[in-house]
């Protein structure tokens, strides 16, 4: 009986049945323990005959705490590695007596265990211990911490200890706790980046909302006491007279990067500010109270995380509880200005160079002096890259399509009335589709009418599959001087404009071996001009022309034969000789010459000439009436084919 410290009736927490509890001190009869019997009578009988109904070894207990829940207001909870025990007293005074007695017995047990042969004590005593069920949410899921744990609150730490485990599974510093709260029977803790688990939340379920509220209040008190302890340490003695400027914790439209925030914060701290207001400390219940999900998201966005070596909570507690004076002002962000070779800087400006690979300055004839200096400076910078556009070029994506506007080198004129030839083609293998071709004004000066004469009819005119669709009528081209003609006299070749020389090969015509050449007409509308004057051709022959002005006089290979020639064919010559001597009013396209088939039959030169026709009529056998019919036939041919056609370089019947 000498080892009994205290005895009396208490109720068990779960069953709420009264039991007779006996608190024994460590000694020769056993270690410090808490025994309970069914009643006092059984205890007296068991003193000599039997043992207690239950025993709790206090040397294995790592927490003894006062609690209260919805049903029992005066609880004592003792936690061990394997389990625990909770008892309820009748009043607060009785609760305090048992609590103090258990702590004294534990202190005696620690004193005895300090001897070398004594067993090791399970570790430092915790201020508070709660049995919780960590839910698979947040860090409980990502760190695989779900299950039954003991949440142990020490002086500076908060640990999670599994059942039948000697060491805590996770130990969180109170300085790393950003906030905590409870909702119904759930209690959550949010930690920052400095925690061993990383940033996130831990959600724990307890018996009821009263226990959750008790956990909330107890941990907040520990955090508050810890923040008060850290308060004098956050201010250095050298800066005691200089208040620390704290930026406003409001939302910024464009938050700067962390590096710029740090630079601006140091620059403000170096400047002394007088009469700076000191923010009032905020209450703990306001910042760490339970909020709705919408309010929590707003609170998360409004908080500013500071990168201090102490911890996330240390910095947050300084801001929350006003541990250091500060000035609430709008931060001024000053980005650093590194040297030319200090960092690998990539400029994203609008006007800059496009790539690191640049041509030598000597090869760029069109580069201005300012740009040349920029290129020279750029070659000295190894790690510098400009991602913008070229500086001299300030186009907005607009391409002028008018004939008289200034054109760049890669501009292609699309108007048939443009007489000035474009710039020379610089890309190999490129075929200009413009009717004005690619003749360079620097290489060849064009005049109207041209000095070069090109004959119609080409032997290799069928080597190209290109068809000219541009009409040379007066309504679609600039009108040359009327006194000049494109087609020569009967003995000379046909003249073509000098702009034709810039066309692809399919527009050039080589001279025919025959002495006389004729130009065909494929225009749908034949216009009349002043009689007695030479006339320019109304269209170009469908047959191809030779290329002469493309770079390198490039000749395209023969066409595989996609082109299909559609032309009018005249009746056989035998039918014409046997039948009437009248020349049919048909024109056949052949090598760029228009022939009257009947006249071709009467005379071999293929021309409906008056003197030749008259000679053939004289040589014709028959009476004078037949010769008159032959002469009449020539006049009808003249009227049928039209004066425009017979006047375009062909000798008509006169």
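Each residue's number is its place along the chain shown, starting with 1.
Just so it is clear, glycine is given a Cβ too, placed from its N, Cα and C backbone atoms.
Database features (Swiss-Prot):
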MOD_RES   36  phosphotyrosine
DOMAIN    126-230  domain 'IRS-type PTB'
MOD_RES   276  phosphoserine
MOD_RES   345  phosphotyrosine
MOTIF     345-348  motif 'YXXM motif 1'
MOD_RES   398  phosphotyrosine
MOD_RES   411  phosphotyrosine
MOD_RES   430  phosphotyrosine
MOTIF     430-433  motif 'YXXM motif 5'
MOTIF     466-469  motif 'YXXM motif 6'
MOD_RES   563  phosphotyrosine
Taking DSSP states H, G and I as helix and E and B as strand, how many residues of the domain 'IRS-type PTB' (126-230) are helix, strand and coil?
29 helix, 47 strand, 29 coil
Rounded to the nearest Å, what's the C-alpha distance separating residue 36 (phosphotyrosine) and residue 398 (phosphotyrosine)? Just drop the number here, would you?
96
If you run the three-state DSSP split on residue 398 (phosphotyrosine), which class comes out?
coil
Local confidence of the motif 'YXXM motif 6' (466-469) - pLDDT mean:
62
